[in-house]
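Student: From TrEMBL, here are the annotated features:
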DOMAIN    11-257  domain 'Aspartate/glutamate/uridylate kinase'
SITE      LYS15  site 'Transition state stabilizer'
BINDING   GLY51, GLY52, ARG73, ASN176  substrate binding site
SITE      LYS239  site 'Transition state stabilizer'
Amino acid sequence: MSGLSAFQGRWFVVKIGGELSSDRPKLAGSVGAAVRAFLDAGIRVAVIHGGGPQATELTNKLGLTPRMVAGRRVTDEATLEVMKMTLAGQVSVDVAAAFRLAGVPALCTTGVSAGLIDARKRPPQVLTGAGPEPIDLGLVGDVVDVNTALFERLAGAGVVPVLGSLSGDAQGQVFNINADTVATRVAAKLRAAKLFLVSNVPGVLADKNDPSTRIPTLTPAEAQEKIASGVIQGGMIPKVEESLAMLEEGIEAIHIVGISPAHALLGEAQGAGSFGTAFLRAR
């Protein structure tokens, strides 16, 4: 397929927000169709999904109060149980069903399984937008290692690994990790050609209320200026910061792209900045 043949044999990593999984036909016709096209072009694909909206909904049903700091979830023991139920249960099954509808042979699990994602507890740290004091996010992990050999074996068997963003350590502790963080670390370890962050947002917008103000491409310096000026804010900040860090680790391009129109992800893969915002090392 035009624009994809140059990536034959290489990895694409696709991260999908949890909010996309509830509409299975829409997910199948957009992300699922793009992943199917990637496979047909000989590209290896790994998918990471979040589950924030479902976790918040279940948290509220259970009478718990979700706590967010600078776009990141604080995870206590009760919240971790909620994340297990949503990421490894509800969202995982919905994504599996959508991908099956799209003809994608997906194996849906979490980073805990077979040590796919090895992690350790994140120490308190200062977060952009949360003031000068270090923040302890609780049972939130940092990725220590990725079992790339197992990813390769799954891809070699014709399977697309689809991971919910839970991870663990050799002592049996489970950690919640921001799905964008998992996706960027997996992409770096697999030496992926491209990383796509897919959500309901069509990219970085100069005016967050106007989709027509989408910024097609950003260099690291331009992105930092947008954060400093407040154009990039809230939950978009960690997405952008992770993206910039991964550019330094060898990923050629990171793309933030929306789920609509249906061909947005495939179109963005064929032309950087055509449907989303592409972060590039230089123009």
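In case you wondered, yes, glycine gets a Cβ from its N, Cα and C as well.
Unlike curated entries, TrEMBL annotations are predicted automatically.
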Student: Take the C-alpha atoms of LYS239 (site 'Transition state stabilizer') and LYS15 (site 'Transition state stabilizer') and report the distance between them in angstrom, rounded.
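Tutor: Distance (Cα to Cα, whole Å): 11 Å.
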Student: To the nearest Å, how far is the Cα of GLY51 (substrate binding site) from the Cα of LYS15 (site 'Transition state stabilizer')?
Tutor: 11
Student: For a quick check of packing: other C-beta atoms within 10 Å of the C-beta of GLY51 (substrate binding site), how many?
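Tutor: Within a 10 Å radius of the Cβ of GLY51 (substrate binding site) lie 30 other Cβ atoms.
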Student: Excluding GLY51, GLY52, ARG73, ASN176, which residues of the same chain place their Cβ within 8 Å of the centroid of the Cβ atoms of the recorded substrate site?
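Tutor: Neighbours within 8 Å of the Cβ centroid, excluding GLY51, GLY52, ARG73, ASN176: GLY18, GLY50, ALA55, THR75, MET83, THR86, LEU87, SER165, ASN178, ALA179.
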Student: Taking the residues the record says bind substrate (GLY51, GLY52, ARG73, ASN176), how far apart in Å are the two Cα atoms that sit farthest from each other?
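Tutor: Among the residues the record ties to substrate, max Cα distance equals 11 Å.
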Student: Could you state the whole-number distance in Å separating the C-alpha atoms of ARG73 (substrate binding site) and LYS15 (site 'Transition state stabilizer')?
Tutor: 18
Student: With Cβ-Cβ distance below 8 Å and at least 6 positions apart along the chain, what are the contacts of LYS15 (site 'Transition state stabilizer')? List them in sequence order.
Tutor: VAL47, ILE48, HIS49, GLY50, ALA179, ASP180, VAL182, ALA183, LEU195, PHE196, LEU197, VAL198
Student: ARG73, LYS239: which of these recorded positions has the sparsest Cβ neighbourhood within 10 Å?
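Tutor: Fewest other Cβ atoms within 10 Å, among the recorded positions ARG73, LYS239, is found for ARG73.
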Student: So, in DSSP terms, is GLY51 (substrate binding site) helix, strand, or coil?
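Tutor: For GLY51 (substrate binding site) - judged by DSSP and reduced to three states - the answer is coil.
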Student: Need the DSSP three-state call for ARG73 (substrate binding site) to compare against my parser.
Tutor: strand
Student: If you skip the near sequence neighbours and keep only those at least six away, which residues in the chain come within under 8 angstroms of GLY52 (substrate binding site), Cβ to Cβ?
Tutor: GLY17, GLY18, GLU19, ARG73
Student: What same-chain residues, at least 6 away in sequence, bring their CB to under 8 Å of the CB of ASN176 (substrate binding site)?
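Tutor: Within the chain, ASN176 (substrate binding site) has Cβ neighbours under 8 Å at ARG73, THR75, THR79, LEU80, MET83, LEU139, VAL140, GLY141, SER165, LEU166.
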